[in-house]
Amino acid sequence: MVCPWTHPRRPVPPGPTRPGPRPRLRRFVREFSYPHGIHPALVPGVSVEDRRVRYGVDRVILAVVGLLVVGFVVWGVLQPDAVLAVSSAALDWVMVHAGWLFALLAIGMVVFLLALAFSRYGEIPLGLDGEKPEYSTASWSAMLFAAGIGIGIIFFGPYEPLTYYLAPRPGAYEAASEEAVTGALAQAALHWGVNAWAIYAIVGLSVGYVSYRRGRVPLMSSIIAPLFGDSQRSDSVGARLIDGLAIIATLFGTAASLGIGALQIGRGVEIVSGWSAPGNTVALGIIVVLTIGTIFSAVSGVARGIRWLSNINMLLALGLALFFFVVGPTAFLLNIVPGVLMDYVSSAPDALGASMAEGEDMQEFLSSWTIFYWAWWVSWAPFVGVFMAKISKGRTIRQYVLGALFIPAAVIVGAFTIIGGTTIWLQRTQGSVAPDGTAASLPAPAEIFWVVLDQLPGGGLVAPVVIVMLAVFFITTADSASIVNSQLSQRGAPAPRRTITVFWALCMAGIAVVMLLTGGDTALTGLQNLITITALPFTVVLVLMAVALQRELANDPFAIRDRYQRAAVEKATVRGLVEYGDDFAFTVERTPPGSWYAAGEGFDSTAAEITDWYRRTDEDGNPVEYDYVLGEYLDDGDGADGPAGAGPSAR
């Protein structure tokens with residue numbers, strides 16, 4: 001395309017003029033000469049839903065990852081002490097040599113996403129040009145809202161803030177002091193707030209962009225394909241390695257949530273029924289029962305019912321937080337909100353900058369809490385990110401980033417403030433949670449919620465409802481994560497095979513069992529060790545995602561149009577001022593090839609790296625003609641008006 005300006009030696013006729021036959025012919029010839037018949041700046045985007053793609057089981061990923069996981073489960077069941085010893089040694093190495101990587105990731109992703117949102121790329125849609133979002137802003141916000149609610153709020157909501165209140169981060173504040181009230185809640189907000197959701201959001205943004213804007217299948221390997229050229233295919237060694245790492249990270253991260261959910265359900269059942277069993281026997285039995293429920297969900301096709309239960313569960317979770325707020329210390333909770341917000345802002349730099357080099361106490365705190373959380377969120381990122389991408393189709397990057405960072409973070413931080421604040425208030429006024437007023441006298445983490453609930457009016461009536469909530473959270477989480485893993489092992493298939501989904505659900509349950517067995521009486525130890533170790537490789541993948549996304553955004557049709565617009569206006573303005581002073585206007589005309597004042601000077605709009613991505617192919621990767629105006633394939637193949645699946649060559 002060309003630059004708008006006034007030609008210095010040919011006056012502009014008044015009023016609009018119609019181009020004659022020669023300019024129209026030249027335009028036709030130019031457009032026909034572009035790769036795939038369209039200028040890259042005019043491509044409206046390509047959705048994977050409009051691609052011809054042949055999905056299928058990636059037997060290599062399924063076999064290799066499946067065997068590794070099954071072997072690990074067998075080893076963990078037969079020799080849990082050996083697994084604990086090896087994982088503890090590996091954790092020590094990771095913390096000393098790679099803890100900094102997790103910390104930088106948590107900081108860097110927030111900065112990167114906000115920079116994208118407020119840059120010129122912020123207007124790029126996660127979809128085709130002009131495509132409207134599939135969900136209204138209210139519905140989309142509600143779904144992001146729901147994404148922030150889960151097992152973690154009930155397990156860690158009372159346990160984590162109270163622990164920070166009694167045993168704060170080294171050098172932060174005095175234990176059990178006035179300052180410790182808001183400081184403890186601010187520390188919890190740091191772990192569960194914006195930084196956590198930035199890790200999820202980078203995956204969601206990348207998946208949404210490459211799938212709904214670039215037309216590639218929703219695989220983790222598809223996101224970073226541009227960094228490795230045409231060799232990075234869905235059936236290449238590198239692609240399979242990346243997708244395999246995503247599956248492993250998701251399995252271990254989700255299994256940890258299932259493990260703590262089972263622990264808490266088990267303790268709740270013991271309290272409500274009065275029956276108890278040694279060790280983690282009840283929790284292990286609950287994993288078995290709820291895994292059967294997950295398998296039933298996967299094979300029976302009751303997905304709609306599961307979604308309905310999930311929505312009901314979200315309302316029950318909100319009701320639980322409201323219950324704590326109303327029957328708990330309402331005035332106290334309202335009064336600490338400003339202090340928590342200010343402490344969060346003021347203490348974030350120190351908390352995020354805490355280093356493993358600051359002594360053994362800090363090393364212990366970071367490995368048990370901060371670094372563990374960053375690793376946990378990394379392991380959850382493929383699962384949560386795919387969900388966020390699906391519901392955000394049609395949103396601009398700016399809308400997505402601001403919503404994904406702040407809506408769910410506000411929900412979960414609010415819930416932590418209510419439940420954690422109530423727990424701290426009970427400890428300060430009655431000393432009834434930690435009898436000796438020290439962290440060492442706290443009950444087991446899975447028991448703290450029930451201790452707090454028992455001291456609230458009507459808590460006994462609420463307890464059975466909470467058990468049901470936790471069970472539904474378990475099933476819906478396991479079901480959804482298994483589907484995502486099934487998609488990753490079937491080249492991004494939107495409707496993966498149920499048998500493979502069931503296989504990953506069983507693997508997840510097996511890992512959860514091993515985590516509880518290796519931890520023994522302190523089950524969280526096994527969870528923390530294994531999550532941090534398995535998340536480390538995928539941390540590198542997240543960094544590569546950010547680099548690949550930035551590179552693709554620079555050559556997005558919107559960015560190319562913006563480049564032409566800026567160049568055209570700047571050069572036309574300069575030339576107009578030089579030639580005509582104050583009296584000039586812009587018009588559009590063809591320039592001589594190589595002119596310095598051409599809008600596209602120095603930009604090769606036919607380069608393969610600019611045009612290859614929107615080349616249309618059949619299921620076997622052979623080029624086919626496509627009309628971008630009509631949005632139709634021009635051959636006589638099946639599925640000419642829609643997707644047919646992506647073969648092994650799909651990228």
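Keep in mind that glycine also has a Cβ here, set from the backbone N, Cα and C atoms.
The compositional bias 'Pro residues' annotation in TrEMBL covers 11-20.
Here TrEMBL flags 1-20 as region 'Disordered'.
Listed as Cβ neighbours of the transmembrane segment (60-78) (distance under 8 Å, sequence separation of 6 or more from its ends, same chain) are residues 235, 240, 243-244, 247-248, 251, 488-489, 500, 503, 507, 510-511, 513-514, 517-518. The annotation transmembrane segment is assigned in TrEMBL to 60-78 (among others).
According to TrEMBL, the feature transmembrane segment maps to 98-118 (among others).
For 138-159 (among others), the entry in TrEMBL reads transmembrane segment.
Away from its own ends, the transmembrane segment (194-212) comes close to residues 45, 47-49, 105-107, 109-110, 112-113, 116, 124, 126-128, 148, 218, 220, 222-223, 352, 373-374, 377-378, 380-382, 384-390, 392-395, 397, 400-401, 404-406, 408-409, 542, 545-546, 548-549, 552-553 of its chain (Cβ-Cβ under 8 Å, at least six residues beyond either end). Residues or ranges marked as transmembrane segment by TrEMBL: 194-212 (among others).
Annotated transmembrane segment per TrEMBL: 241-262 (among others), in sequence order.
The transmembrane segment annotation in TrEMBL covers 282-303 (among others).
What TrEMBL records for 315-337 (among others) is transmembrane segment.
Residues or ranges marked as transmembrane segment by TrEMBL: 371-389 (among others). Packing against the transmembrane segment (371-389) from elsewhere in the chain are residues 95, 99, 102-103, 105-106, 126, 144, 147, 191-192, 195-196, 199-208, 211-212, 218, 220, 246-247, 249-250, 252-254, 256-257, 400, 404, 480-481, 484, 487-488, 528, 531-532, 534-536, 538-539, 542: each is 6 or more residues past its ends and has a CB under 8 Å from a CB in it.
Annotation comment: TrEMBL describes 401-426 (among others) as transmembrane segment.
Per TrEMBL, the feature transmembrane segment maps to 459-478 (among others).
Residues or ranges marked as transmembrane segment by TrEMBL: 499-518 (among others). Beyond the ends of the transmembrane segment (499-518), by six or more residues, the same chain brings 57, 62, 66, 69-70, 72-73, 76-77, 80-81, 83-84, 87, 247, 251-252, 254-256, 258-259, 262-263, 280, 283-284, 287-288, 291, 294-295, 298-299, 478-479, 481-483, 485-486, 489-490, 525-527, 529-530 to within a C-beta distance below 8 angstroms of the stretch.
Residues annotated as transmembrane segment in TrEMBL: 530-549 (among others).
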Margin query: Check the transmembrane segment (401-426) against the transmembrane segment (315-337) for contact, please; criterion is three or more CB pairs under 8 Å, pairs 6 or more apart in sequence.
Written below: yes
Margin query: Assess whether the transmembrane segment (315-337) lies in contact with the transmembrane segment (241-262), where contact requires at least three Cβ pairs under 8 Å among residues 6 or more apart in sequence.
Written below: no
Checklist line | Distant-in-sequence neighbours of the transmembrane segment (530-549), which means Cβ under 8 A and at least six residues beyond its ends | finding: 87, 90-91, 94-95, 98, 101-102, 105, 108-109, 112, 199, 202-203, 205-206, 209, 220, 223-227, 242, 245-246, 248-249, 252-253, 256, 367, 371-372, 375-376, 378-379, 381-382, 511, 514-515, 518
Item checked: Other parts of the chain folded back onto the transmembrane segment (138-159), taken as Cβ under 8 Å at six or more residues beyond its ends -> 188, 192, 197, 257, 260-261, 263-264, 310-311, 313-314, 317-318, 320-321, 384, 387-388, 391-392, 395, 403-404, 407-412, 415-416, 419-420, 422-423, 433, 442, 445-446, 448-449, 452, 466, 469-470, 473-474, 477
